[in-house]
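Q: According to Swiss-Prot, the record shows the following:
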BINDING   ASP26, ASP79, ASP198  Mg(2+) 3 binding site
BINDING   ASP26, ASP79  Mg(2+) 4 binding site
BINDING   THR49, ASP50, ASP127  Mg(2+) 1 binding site
BINDING   ASP50, ASP79  Mg(2+) 2 binding site
BINDING   ASP57, GLU251, PHE305  substrate binding site
BINDING   TYR109, GLY126, ASP127, ARG151, SER200  ATP binding site
BINDING   ASP201  Mg(2+) 5 binding site
Amino acid sequence: MEQSFLAYLRGRTRQLPQVAVGIGDDAAVIDWPGSVSSDQPQLRQVACTDQILDGVDFRSEEQSLSDIGFKAMAINLSDIAAMGATPSSALVTLALPAENATEIAGEVYEGILEAAQKYQVAIAGGDLSTYDGPLSISITILGWTEQPWLRTGAEEGDALFVTGALGGSLLGRHLRPEPRVELAAKLKQTVNVHAAIDVSDGFSLDLDRMLAASRMGAELELETLPISEAAHQFAEKSGRTPLEHAWSDGEDFELIFCVAPEEAAIIESTDWGVPVTRVGKVVGRTGLWKRVATSKFERVFPQGFVHGETDVAAAN
């Protein structure tokens with residue numbers, strides 16, 4: 001439902017000149033008005049928003065409210081990182097259950113403020129309301145960049161990378177995600193990232209979205225896919241393989257990105273503080289393809305969480 005409705009909105013909303021990147025990427029990019037100074041870089045505003053709802057995106061009876069507040073900030077920060085931007089400020093809106101509203105707000109804000117301090121984000125404003133319903137948290141984060149990373153910039157031959165390790169987030173990592181804000185800043189200073197996206201709905205599904213936006217595909221070396229220890233643990237109970245969890249589990253909040261092949265060696269030889277793994281290359285034919293022999297590839301299909309739907313095509 002989400003992707004089809006976004007397509008509908010793109011057709012209905014008016015694209016004004018100040019909106020450089022609108023609906024369809026990890027965040028919007030808004031150009032500042034006025035002339036560009038000859039001796040100052042032009043900074044572009046990046047804005048993203050996410051809402052999480054009790055009973056849908058989290059369960060307040062099973063998780064600490066502080067963790068929920070931290071996560072609400074982190075998922076937005078992950079979108080900012082995927083744009084290659086620096087976060088600056090946030091607007092926080094809470095819709096609170098009327099019963100114990102003050103206590104709930106205080107505990108949620110403990111996590112929000114912890115994340116804000118960790119990633120140097122100012123809480124600039126927001127709104128509070130109470131009603132007879134579940135807790136809802138909506139956060140908008142504003143950031144800036146000179147040149148945003150988009151989903152649309154992948155080029156044939158680009159080397160594909162993913163940060164961190166994938167899969168098994170439901171065993172606990174999803175409670176306190178680590179958005180790759182610092183890593184994105186280091187990448188920005190070191191290489192020219194052509195396209196990027198964060199892994200929120202599943203590695204394969206989000207990779208496919210980035211490539212579709214670029215009208216490209218990918219040839220993947222699935223044996224190189226970085227699989228988390230949690231994915232191995234989860235596989236012991238789920239009946240699925242660790243690779244299947246890495247392929248499709250959501251809420252990893254890692255970054256997928258691509259660079260020109262001549263810059264791949266820079267990525268691989270640099271200590272980024274977290275693992276950054278080469279997993280394949282961008283190709284001109286659409287779709288995802290896995291290597292099965294020296295020069296033979298088979299089509300594989302994305303799988304992950306789709307808002308308003310049950311699943312997408314099987315991964316194999």
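A Cβ is built for glycine as well, from the same backbone N, Cα and C atoms used for every other residue.
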Q: Between ASP127 (Mg(2+) 1 binding site) and TYR109 (ATP binding site), how far is it from one CA atom to the other, in Å?
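A: Approximately 13 Å lies between the Cα of ASP127 (Mg(2+) 1 binding site) and that of TYR109 (ATP binding site).
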Q: Secondary structure at ASP79 (Mg(2+) 3 binding site) (DSSP, helix/strand/coil)?
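A: Looking at the DSSP assignment, ASP79 (Mg(2+) 3 binding site) belongs to a helix.
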Q: By Cβ count within 10 Å, point out the most packed of the binding-site residues listed: ASP50, ASP201, GLU251.
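A: Counting Cβ neighbours within 10 Å, the top one is ASP201.
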Q: Which state, by DSSP, holds ASP198 (Mg(2+) 3 binding site): helix, strand or coil?
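A: The residue in question, ASP198 (Mg(2+) 3 binding site), is strand (DSSP, three-state).
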Q: Could you tell me which of these binding-site residues, THR49, SER200, has the fewest other Cβ atoms within 10 Å of its Cβ?
A: THR49
Q: Looking only at ASP57, ASP79, ASP127, ASP198, the binding-site residues on record, which one has the least crowded Cβ, with the fewest other Cβ atoms within 10 Å?
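A: Each of the binding-site residues ASP57, ASP79, ASP127, ASP198 was scored by Cβ atoms within 10 Å; lowest is ASP127.
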Q: Hey, what's the widest CA-to-CA gap across TYR109, GLY126, ASP127, ARG151, SER200, the ATP contacts in the record, in Å?
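A: Largest pairwise Cα separation, rounded: 32 Å.
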Q: Measuring Cα to Cα, how many Å separate ASP50 (Mg(2+) 1 binding site) from ASP79 (Mg(2+) 3 binding site)?
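A: If we compare the Cα positions of ASP50 (Mg(2+) 1 binding site) and ASP79 (Mg(2+) 3 binding site), the gap is 10 Å.
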Q: Enter the number of other CB atoms within 10 angstroms of the CB of TYR109 (ATP binding site).
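A: Other Cβ atoms within 10 Å of TYR109 (ATP binding site): 17.
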Q: Run through the Cβ atoms and count how many others sit within 10 Å of the one on ARG151 (ATP binding site).
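A: Result for ARG151 (ATP binding site): 22 neighbouring Cβ atoms inside 10 Å.
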Q: Would you mind pulling the DSSP three-state label for ASP57 (substrate binding site)?
A: coil
Q: Are there binding-site residues among ASP57, ASP79, ARG151, SER200, ASP201 that sit within 10 Å of THR49 (Mg(2+) 1 binding site), Cα to Cα? If so, list them; otherwise say none.
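A: If one measures from the Cα of THR49 (Mg(2+) 1 binding site), the binding-site residues that come within 10 Å are ASP79.
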Q: Specify the count of other C-beta atoms within 10 Å of the C-beta of GLY126 (ATP binding site).
A: 14
